[in-house]
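Structure first, commentary second.
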């Protein structure tokens, strides 16, 4: 049995693999335990690493450093791909207001941290650990560590201090965010059911949503005019999918000549309804039943590489297959299939036509769930390489003792957001199935937290009990509570933000998935996740920059 002793006590590849496996498995088990309805989730890996490190588990320092940074890269790149499309679309709604509130949270937390360093005699590495832990923001911890390593004066003890302060502040970072949500609800006497209902009513009345409307041709100016000349279609603001005439439904063609009494099915943004009603005629429900079975509607997936980046009109589906495209769905949003909209991998096209024609069009577009769910590794590693290059690029600011960098956290995150927006470059497609994205994200953060915990574990309990750890915990509580209570009050009192969305902003501004899970359970609304995703990317970038900026300004 000597080989078992050797396996657990001597440095080797197998020793490292077993060590990480034990820490991560144990940590996920801890994270699955509910305490007062709250689960730590993957954050449990941090505390498992601390416990294992405390009881003597040691891994090669160089292995720990590589795995820590690689895990962080996997995590932030997956996050960027996930939230990137929503990041740009979010500003169509309340995005600017919500992101201002989230940015305020980052600024307040950073100012408090600087105050702790300047006036409370907290060492800067510990203060940065408190900031990262109190805001449950792991990438900022990595960014602070990278910034510290630029200085020759940085010692291993300082980096250990950074990780220990993070671990001390992290638990209340989760709990404090949840308490802030509860405090806002109690203070303003909010009824969650009423808030959710009001938000849903507002969503339904959103003028930018895409709707289908049935209009009767009553405007004499349109009699004898082809469909392609109808106002609204000329500007590319609407799509006519069907024409109902003489008791028969038929596909609307650009060269079809309109007659008095024709009934048109029009797909358009809601804010175009009044304009088209005036131009065409009044809405009607008198759709003939005869002949409607001739046409079918189907949602088709874009999975063929040769159609990516092309506009809907460039595909010429009407001429090639005799079908009409009425709308395009992307990342949960619907758009009218206008000429200016280019297609991305995973888009859903709503197609109307005869069944055989629709089937042929679907084959030309791909419509393959298998291709959609197949992860593409080459684009991922190309993106990671570009992210590392960008993160390593120095930005020199006058008066700064060292260059500012996006780092291994910010670079891949920024590149992933941009690439997810671009969609593809030739055969490189930056689309990741949700299940693959979730696996990559969880694997990356688990590896990172395991390394942080193992590195801090050796001296964690000694610092907590005898080295000022309890004081750090109290100071971390201030860093957590003050910013979220302030933006919660301002967001509700002055911006009149719905509580369901406000919970998402609070959780997103702290990049706190457990708090988001709690809010979703309480509100029962997807709007919480939408608000979270709206502020998450900017918050993440600001926290990474803030961590580096504070270190570069004050460490020297």
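Every residue number used here counts from 1 along the chain in the order it is shown.
Using N, Cα and C of the backbone, Cβ positions are placed for all residues, glycine too.
Residues or ranges marked as domain 'RCK C-terminal' by TrEMBL: 197-282 (among others). Across all of the domain 'RCK C-terminal' (197-282), the predicted model scores a mean pLDDT of 80.
The domain 'RCK C-terminal' annotation in TrEMBL covers 284-368 (among others).
Per TrEMBL, the feature transmembrane segment maps to 12-33 (among others).
Sequence annotations record features per position, and here TrEMBL assigns transmembrane segment to 40-58 (among others).
Among the features that TrEMBL reports, transmembrane segment is placed at 70-91 (among others).
As annotated by TrEMBL, transmembrane segment applies to 98-120 (among others).
Annotation source TrEMBL lists transmembrane segment at 168-188 (among others). Counting same-chain residues at least six beyond the ends of the transmembrane segment (168-188), those with a Cβ under 8 angstroms from any Cβ of the stretch are 38, 40, 43, 46, 129-130, 132-136, 463-464, 469, 472-473, 475-477, 479-481, 484-485, 488-489, 492-493, 499, 502-503, 506-507, 510, 512, 514-515, 518-519, 522.
Here TrEMBL flags 377-397 (among others) as transmembrane segment. Sequence-distant contacts of the transmembrane segment (377-397), counting only residues of its own chain at least 6 positions beyond either end whose CB sits under 8 Å from a CB of the stretch, comprise 73, 77, 81, 403-416, 419, 428-430, 432, 440.
Outside the transmembrane segment (409-431) by six or more residues, the chain places 72-73, 76-85, 87-88, 139-140, 142-143, 146, 305, 308-309, 344-346, 372, 376, 378-379, 382-384, 386-393, 537, 540-541, 544-545 with a CB less than 8 A from a CB of the stretch. Under the heading transmembrane segment, TrEMBL lists 409-431 (among others).
Under the heading transmembrane segment, TrEMBL lists 443-464 (among others).
Annotation source TrEMBL lists transmembrane segment at 470-490 (among others). Beyond its flanks by at least six residues, the transmembrane segment (470-490) meets 101-102, 104-106, 108-109, 112-113, 116, 120, 122, 126, 130-131, 133-135, 165, 168-169, 172-173, 176-177, 179-181, 183-184, 187, 464, 502, 505-506, 509-510 of its own chain at Cβ-Cβ distances under 8 Å.
Panel annotation: around the transmembrane segment (497-518), residues 37-41, 43, 94, 97-98, 101-102, 105-106, 135-137, 173-174, 177-178, 180-181, 184-185, 188, 190, 192, 195-196, 198-199, 202, 480, 483-484, 487-488, 491, 525, 527-536, 539-540, 543 of the same chain, lying at least six beyond its termini, place a Cβ under 8 Å from a Cβ of the stretch. Annotation source TrEMBL lists transmembrane segment at 497-518 (among others).
If you look up TrEMBL, you'll see 530-555 (among others) marked as transmembrane segment. Same-chain residues lying 6 or more positions outside the transmembrane segment (530-555) and placing a CB less than 8 Å from one of its CB atoms are 76, 79-80, 83-84, 86-87, 90, 93-95, 98-99, 101-103, 105-107, 109-110, 113-114, 117, 124, 127-128, 131-132, 135, 137, 139-141, 143-144, 146-148, 150-151, 153-154, 400-402, 404-407, 409-410, 413-414, 417, 500-505, 507-509, 511, 516.
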Most Cβ pairs under 8 Å with the transmembrane segment (12-33), selected from 40-58, 98-120, 443-464: 40-58
